[in-house]
Amino acid sequence: MAKTLSELRIAIDTVDRELLQLLNRRAGLANEVGELKRGEGSPVFRPEREAQVINGLQAANPGPLKGENIAHIWREVMSACRALEAPQRVAYLGPHGTFSEQAALQFFGSSIEHVPCSSIDEVFRATSGGSAQFGVVPVENNTEGVVTRSLDLFLNTPLHIVGETSLLVRHHLMRTTNSLEGIEVVVAHPQALAQCQAWLNTHLPNAERRAVSSNAEGARLAAGHPNWAGIAGERAAAEFGLHIAAHAIQDDAFNRTRFAVVCLPQTLQAPEASGRDCVSLIVSVPNKPGAVHDILVPLKQHGVSMTRFESRPARSGQWEYYFYIDLEGHPAQPQMAAALQDLRSLCAFYKVLGTYPLGE
Ligand SMILES: C=C(O[C@@H]1C=C(C(=O)O)C=C[C@H]1O)C(=O)O
């Protein structure tokens, strides 16, 4: 006979008590790991290990929970366990409510110390100066392209990339009321204004578009001006007590932004291989015919796939460029090591930005 509601709830309570015991047993083990690490002075956060834990559990998952549920649940479990070893301070483009904050929480889980910063430059400064152990910066949006400021800062920073994560970015128009009447100014980060330009052209063609340092800052300003509207994520509306006057106004329904997680090499060395890894490089080539073609040859020869190729002006006044290249694999693999060695010999400038597990 089918169980009654109260019988099912009693069964759930029993399982929850078992989970509680098991989770605390896990936390106790993480605490012991923390003591070992303190003894040998090794880093608390090990992204490759966390990636392996999640990949392993997803592969072993019999359901009915979905793989993405498993990732979310264990991200939080590991975040809480990691915080018992030592809480990690994470810098991102603030204030509270930004997509950068959401990306930081998605990557590290919620058991972190928040270091909200007023600009991308400030995130790099806070992380390289030590007031944060890690920084989270946007690098690329699938509709607007690269976040040029982040790429330019990567060039001279002592920080390296140790992880990545990407977010589905839904922009909402928010203000003190829920109507579109009487909006004179739309305030948001230039990337958000660009990602919503078709919607704005159609629905608010006469409103002035004003760029500010973050979408959350735009939402904060909109809360103080009844004729202004901000464009930001749901968290910002809740944070500043605003109504959503129009939902998901981004021009591309699958608008995604990719974020890089950075730190000083002394905080965390390049993560070991997780099985699904990426190497990010910045290179420049001598200004001669065929030089860009030449750097692709070792990749083909050693069977390494390139997942990204961007260029940025070198600002030398010579029409020279830096190339930002992502390769799939890990330098511990012989074919990757050989490809990198050959590539390096062809470059006028060569910097490994980071080796890290591929993100969500
Ligand atoms: C427990 C460890 O420390 C941290 C916490 C982890 C976890 O909770 O599984 C995994 C990796 C580390 O970021 C470990 O290194 O194994």
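Here the Cβ of each residue, glycine as well, is placed from N, Cα and C on the backbone.
Copied from TrEMBL, the annotated features are:
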type: DOMAIN; residues: 1-89; note: domain 'Chorismate mutase'
type: DOMAIN; residues: 89-264; note: domain 'Prephenate dehydratase'
type: DOMAIN; residues: 280-357; note: domain 'ACT'
type: SITE; residues: Thr257; note: site 'Essential for prephenate dehydratase activity'
Legend entry - All-chain count of other Cβ atoms within 10 Å of Thr257 (site 'Essential for prephenate dehydratase activity'): 23
Legend entry - the domain 'Chorismate mutase' (1-89): DSSP-derived helix, strand, coil residue counts: 69 helix, 1 strand, 19 coil
Legend entry - Model confidence over the domain 'Chorismate mutase' (1-89), averaged pLDDT: 96
